[in-house]
C-alpha cells in the first residue's frame, strides 16, 4: 500500500518548467522571482476578492526551485517587515 502511494507521488510529481526569462543553469533569480510573483498574486487576489488558488502555480515553482532554508528565512522576514523584495 505505501509503495503504491510513493509510486503515485512520483508519477504525479511536477517540477518547474523551462522559463525563457532564465535560460542559464543558475536558477537563483528564477526562484526569487517566482517567490515574489506568488506573494504579489496572493496580495492582488485577496485585495480584489478573487480566488487565491490561481496563484498556486507560482508557489509550486518556487517550492521546486528554492532551498527550504531560503523560503523559511524570507517568510520570517516578511512577518517581521524586513523582507527586501517589493511585494
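A Cβ is built for glycine as well, from the same backbone N, Cα and C atoms used for every other residue.
Here's what Swiss-Prot has on this protein:
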type: DOMAIN; residues: 28-74; note: domain 'CHCH'
type: MOTIF; residues: 31-41; note: motif 'Cx9C motif'
type: DISULFID; residues: 31-66; note: disulfide bond
type: DISULFID; residues: 41-55; note: disulfide bond
type: MOTIF; residues: 55-66; note: motif 'Cx10C motif'
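Swiss-Prot feature annotations superimposed on the structure.
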residue: 31; record: disulfide bond; DSSP (3 states): helix
residue: 41; record: disulfide bond; DSSP (3 states): helix
residue: 55; record: disulfide bond; DSSP (3 states): helix
residue: 66; record: disulfide bond; DSSP (3 states): coil
Contact set, same chain, for the motif 'Cx9C motif' (31-41): CB under 8 Å, 6 or more residues outside the stretch: 16, 21-22, 52, 54-55, 58-59, 61-62, 65-66, 70-71, 74, 78, 85-87
Segment-level pLDDT (mean, integer) for the motif 'Cx9C motif' (31-41): 97
CB contacts for residue 31 (disulfide bond) [other CB atoms within 10 A, all chains]: 21
Whole-number Å value for how far residue 31 (disulfide bond) lies from residue 41 (disulfide bond) (Cα to Cα): 15
Chain-internal residues near residue 66 (disulfide bond), provided their CB is under 8 angstroms and they sit 6+ positions away: 31, 32, 34, 35
Cβ packing number for residue 41 (disulfide bond), 10 Å threshold: 19
List of residues, in chain order, with Cβ under 8 A from that of residue 55 (disulfide bond) and at least 6 apart: 38, 41, 42, 45
